[in-house]
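Novice: Below is a structure I'd like to ask you about.
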């Protein structure tokens, strides 16, 4: 157990610096905005939705069915909410456990010597694991790896006990159960069944390729083939259920996710897809350059035969074929330890375990599955079990390296990425085995101790360098800004775009704008980046430029509902109501089929309908507004916050004098969000209208309590008090409102009115002056300022404002009448003669 404990401890220690990290990249959608984690969402939704919370049968679903991983996120949320520390802790503990199990697997292959420990330490420290462990969504790969190893180890136990019916079949049942669990953590987990079959055929029974056919028809081998047949049948059942559950339809991805898959040129697709495994293997060999995302142009397409990367591809497949052939062809007589034979599965050579491949010479002529067969069953002496030969370990290592990678290879179906580092978590087990078995073979062949020591220390140095790289790379995953900055050299378009979002959230507006423009420099047709830049410009009142980028975003992706939404809002605010209406209508007609995030799309469509209803409402078309609001309610997704929509429904019914319906929707608004201030105010007005004055006052006071710094709340309460004849209280509320919202003309102007009604003319004058300053060319503001100055005896100032008001509105009868009265007073006081 020492090797397992040391390896697990290293796996734990190397990732301790991730515990203080934040949610990063895909964590946001899989955890922070995933409705399946919330307590109010039924538990069984996890088994019908994909990893991102989208219904699995939806055309826009990624078809990533990982319910056990999502369940673990939900448990994290249940006990710790959205505190990332808890999520990271689970990931680190899982990686430590996987490392221990992998080391235990190595013990079955290498014995209890140092090579087992080396393999375990290599796996614990390999930097390719940082995305899987440091990124919380990588838990899918780590968890799948845990159950993958449990399944494989159980099947190995089944092989060693075959013939003892009860224990043997218990082990194979456990292997099948853990395989299913592995697949339910992540899809590639099902490949453990194929790896188990490879172990049984080529490692446990040491069959060569030319021996497999000859043993199929021998009755004495029935138990062996029954085991392999069970693996095959269980795999078919799991895959069949998986395809059925996702609606028997493949996922769809955008061009940027996997450019080669979308390329129409067969040569380009073929060369690129053949090259990608080479690139993945290089990341395992030399994980110097890592990135959070390898999509878009991170790996340029190979378009011609003359591309120098094709040399890497050819070399890779030649070496792979030679390695597989040399391991499978095999002479039955191979020796690793100078012909020395193991006792109890071990032999010590200079303190390091190694083994012999000594087999009977007639093995090639008479292929036999078992060392001793009785009725087709292999019996074993558990005290004299030999360790697998080097060739056997290489075969198993290759199967661990290749088979779990096949689902990500684009061989059977296209995937939504070019390279994904976390996908290499399980294949890296095979890589670590290959490195270890290669180092061991060199160590055994080395004749001089100095060479042995050199090789040993070189291997130790590799582990140290891997560990240091892992710790440093973990630092990049500390927060999103560091992560995206680290990815600029690999995928500049994606990294700059995501960095822009982070900088914007930090209120670094100029830096964010620069980041968005850098992203568009590298890839000008990214709809999300065009939209994000437009949104940034809109929020900074650069409306014309914002409209330009929204138009480009919609041109790049015609289904971008959020682009239509914000375009419509700008047009509506600019008074271009007909253009806004057409924009909102077009948005509402966009279907959610084949969209990456259908829930976000539905939210944008619902918001478009809400704003279209508001547009009709402001134009007095209340019945049309209600029709649109009802459509919005039908289309809104679960995560949409409906309180504003319900409140506007109530407002429309109030304008149509359907008081009972209005009250229903006001209360629905408050049910959906009990602290929704507009609903408190509108419901308070309804209660006032229906004579429930005490109840109305409670709602107005509650609104003030919810937000004591919101002037509009004091103004509504002031109007209520004014209607109740409590004039001084009303004036005090109005004054408070104007002080809080001193830049809002309506609030300031109404406050001045209430203060004048309360005969607080000096205070009223102050706020009339403020209102006139806010709208300097508004005749009513100037006329009312003149009137209060008139009342306060400031006659010359009053005259000046009356005359300004008449310049703007010459035919205003009230202003003309007030001015004549003012002149009469001024004549009596000698301030003005009748000839002037």
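The backbone N, Cα and C atoms fix where each Cβ goes, glycine too.
Source: prediction; values computed, not measured.
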Novice: Based on Swiss-Prot, are residue 131 and residue 519 on matching sides of the membrane?
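Specialist: Topology check (Swiss-Prot): residue 131 vs residue 519, same domain name.
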Novice: Which residue range, 36-56, 57-77, 78-98, is the one Swiss-Prot calls transmembrane segment?
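Specialist: Going through 36-56, 57-77, 78-98 one by one, Swiss-Prot flags 78-98 as transmembrane segment.
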Novice: DSSP-wise, what's the residue breakdown of the topological domain 'Cytoplasmic' (99-107) into helix, strand and coil?
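Specialist: The topological domain 'Cytoplasmic' (99-107) comes out at 9 helix, 0 strand, 0 coil.
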Novice: With pairs closer than 6 in sequence left out, are the transmembrane segment (189-209) and the transmembrane segment (450-470) joined by 3 or more CB pairs under 8 Å?
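Specialist: Answer no, regions not in contact.
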Novice: Counting Cβ pairs under 8 Å that are 6 or more apart in sequence, does the total for the transmembrane segment (415-435) and the transmembrane segment (108-128) reach three or more?
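Specialist: As far as Cβ distances go (cut-off 8 Å, pairs 6 or more apart), the transmembrane segment (415-435) and the transmembrane segment (108-128) touch.
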Novice: Determine the mean pLDDT over the topological domain 'Cytoplasmic' (210-220), rounding to the nearest whole number.
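Specialist: Taking every residue of the topological domain 'Cytoplasmic' (210-220) together, the mean pLDDT is 65.
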Novice: Using a Cβ cut-off of under 8 Å, list the residues of the same chain at least 6 residues beyond the transmembrane segment (78-98) that approach it.
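Specialist: Apart from its flanks, the transmembrane segment (78-98) reaches 8-9, 11-12, 15-16, 18-23, 27, 31-32, 39, 72, 124, 129, 132-134, 136, 138-139, 142-143, 145-146, 149.
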Novice: At least three Cβ pairs under 8 Å linking the transmembrane segment (221-241) and the transmembrane segment (189-209), pairs spaced 6 or more in sequence?
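Specialist: In contact, yes.
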Novice: When the repeat 'TPR 6' (677-710) is classified with DSSP, how many of its residues are helical, how many are strand and how many are coil?
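Specialist: Its residues fall into 27 helix, 0 strand, 7 coil.
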